[in-house]
Amino acid sequence: MENEREEEIEDMSMSPPSLGSMQFAGSNGFGHSMEFMSQAYLPNMYTEIDIKIEDSNFNQDPPFPIYLKFEDVEYKVRGSQVASTNPVKSVMSKVATQHTMEEDRYKKILKGMTGSIGPGEILALMGPSGSGKTTLLRVVGGRLVDNVKGKITYNDVRFNPAVKRRIGFVTQEDVLFPQLTVEETLIFSAFLRLPSNMSEQQKYARVETTIKDLGLERCRHTKIGGGYLKSISGGERKRTSIGYEILVDPSLLLLDEPTSGLDSTAANRLLVTLQGLAKGGRTIITTIHQPSSRIFHMFDKLLLISEGYPIYYGKAKDAMQYFSSLRFTPEIPMNPAEFMLDLATGQVNNISFPQDVFKEQDSADSSKSVIEYLQLKYKETLEPKEKDENHGAANTPEHLQLAIQVKKDWTVSWLDQFFILYKRTFRARCKDYFDKLRLVQALGIALLLGLLWWKSSTNTEAQVRDQVGLMFYICIFWTSSCIFGAVYVFPFEKIYLVKERKADMYRLSVYYVSSTLCDMVAHVFYPTFFMLILYFMAGFKRTAACFFLTLFAVLLIAITSQGAGELFGAAVMSIQRAGIVASLVLMLFLLTGGYYVQHVPKVMQWLKYLSFVYYGFRLLLKVQYSGEELYECESKRGCRTLQSSPTFDTVNLEGGLTEAWVLIAMALCFRVFAYFCLRRRIDVRN
Ligand SMILES: Nc1ncnc2c1ncn2[C@@H]1O[C@H](COP(=O)(O)OP(=O)(O)O)[C@@H](O)[C@H]1O
Ligand SMILES: [Mg+2]
């Protein structure tokens, strides 16, 4: 079936497309004729289905062209019903029809957007804050699907997973790992997202070209930084974010407020870069809040939005003319973007306007009247024109329609993804792992405990009690430090995870496994280092078997605690709440750990079975002490076995090591649950 389709596409690509079918929109339609773009793409048609080959020729061939059309796009969100403070009104609203109630629950964000854009063009979405620019961008990018009305097509084909892979989305916030350098960020992205049949050199070459294209040579070895870390500039950060997206050569590039926070020179430079990318054959849509006049003139098309309604759509350079035809003109020299934003907010200070604006409207709210007037004029003049052009335009050539439905291959195998992600996670977190303070803490506490329990022994009941106290302290220390070390990982990385999952970069299971295994390095290293010091200072049994078994038990406790921490973190996914949940559960586990109280009332005994501290502590006792060992030999009553000591009243020192199995099972279960919690919490549909 698939083969048949591939042949079909190949056939079509070989026969030259008829000119008639290629003629495309005129003045307000796509800036480049369809003929030109599809011809440019033809030399590559033989390999069109084999995207891998097409990809490997990156930067030599034009990107796959995407013609985007959207018509009457509406979007609404479910909000809480507006509660009235007036009790009479509230009763009235309750008796309203079911239909009205249903309507009331929704708030319309986009109220009928129409437009089109093709390769080589930049469409700017402009409007005051809250007007719906980001929402429209997300709808067009296929990131908002529910409650969207209207028709959006890509080469006359509706959105589908194959289209998704051809879209690059640069969000307003730059979500980049602060510990990685610009170059590392791009390299990891390239290795995760480029198909496995591309050679390493080709991937490096693509990173190199991207760095050059975006002018990032100067900061390539600088860490992204942020917060307290010394960092690259805002413009460089934005360009890195764009580079991250264009590495995979998207045909449609969507950018949300790329210039916000940049000075005018950096903003201008960024726009020049975007122009270059568009000229290369990409379709670009960008939202922009308040562009300078220089930037404004770089846009090909403009969609001016006011409160979710369009008030202008067309060529950017014709916008001023349109408004002056409606008799809206600035009275003083004004940046066109500023003028239009004033109109979009209904502010007409220093702007002359036609008097019929207030004819039918209540003049009390002048800005509302202006907006409604402009919306009406748009509906009367521009909208029908754009719709006519959209409908009148020929369909996209069939080979482009078919090709956009073929999923661009990113098939990097699970294992390959794992190795790349493991490496990246390690790079991003290694500073944290080998933090000097952590090392000093482990060393300091091991030394302190070693001195307090210096060469402790088990000759008397009191000495046994002391040493058992140390055992429990080791349990507490590693349980708490591993739970707290793991509980914040997912809440902190949530933003990265959401972004990368939305871009389909890797499987969630790969992320989880590489994260947990990577962190395990720290959760194994520190307890080992700690035990190497403490074990011999505190005078525990000097046999290799005993040492390794004790170490094994401590590591098992650490790894189980890490799993528990991950589970709590993934379950709440909030930095503040993760800490609270972890400390509460930790307290419960410690209390039921079997040290403070051994003889628990029957009704409460089930609690200890949930507590892995309980199993960890028993395991430590079992590996360190043997029941037949004699002590109290110097007392009047003579030698007794350790098992007879009241300290081991509820522990059978001779029992097998079932606790080890229970801990292993718990460590696995916590992780499985953590993974499923993460799955539920990282919802990338919206
Ligand atoms: N999921 C949502 N729930 C409720 N309101 C929303 C949601 N998404 C957007 N909005 C509202 O829609 C309006 C437009 O938002 P947005 O597209 O982000 O505006 P812009 O990007 O133009 O500043 C805002 O008033 C915002 O509060
Ligand atoms: Mg926005």
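Any Cβ shown, glycine's included, is placed from N, Cα and C.
Automated prediction, rather than curation, is the source of TrEMBL annotations.
TrEMBL lists 95-332 with the feature domain 'ABC transporter'.
Outside the transmembrane segment (439-456), and at least 6 residues removed from its termini, the chain residues within Cβ reach (under 8 Å) are 463, 466-467, 470, 473-474, 477, 526, 529-531, 533-534, 537-539. Among the features that TrEMBL reports, transmembrane segment is placed at 439-456 (among others).
Annotation comment: TrEMBL describes 468-490 (among others) as transmembrane segment. Within the chain, the transmembrane segment (468-490) has long-range Cβ neighbours (under 8 A, six or more residues past its boundaries) at 445, 449, 453, 456, 497, 515, 519, 522-523, 526-527, 530, 534, 538, 554, 557-559, 561-566, 568-570, 573, 575, 578-579, 581-582, 585-586, 589-590, 593, 595, 612-613, 616-617, 620-621, 624, 647, 678, 681.
Residues annotated as transmembrane segment in TrEMBL: 510-536 (among others).
What TrEMBL records for 543-561 (among others) is transmembrane segment. Sequence-distant contacts of the transmembrane segment (543-561), counting only residues of its own chain at least 6 positions beyond either end whose CB sits under 8 Å from a CB of the stretch, comprise 474-475, 478-480, 482-483, 486, 520, 523-524, 527-528, 530-531, 535, 612-613, 616, 619-620, 623-624, 660, 663-664, 666-667, 670.
Marked as transmembrane segment by TrEMBL: 567-591 (among others).
What TrEMBL lists as transmembrane segment is 660-678 (among others). Beyond its flanks by at least six residues, the transmembrane segment (660-678) meets 490, 508-509, 512, 516, 552-553, 556-557, 559-560, 562-564, 566-567, 569-571, 612, 615-616, 619 of its own chain at Cβ-Cβ distances under 8 Å.
Listed by sequence, the residues of this chain that lie at least six past the ends of the transmembrane segment (510-536) yet keep a Cβ under 8 A from its Cβ atoms are 414, 417-418, 421-422, 425-426, 429, 432-433, 438-439, 442-443, 445-447, 449-450, 474, 478, 481-482, 485-486, 489-490, 493, 497, 500, 542, 547, 550-551, 554-555, 558-559, 561-563, 566, 671, 674-675, 678. On the 0 to 100 pLDDT scale, the domain 'ABC transporter' (95-332) averages 89 in the predicted structure.
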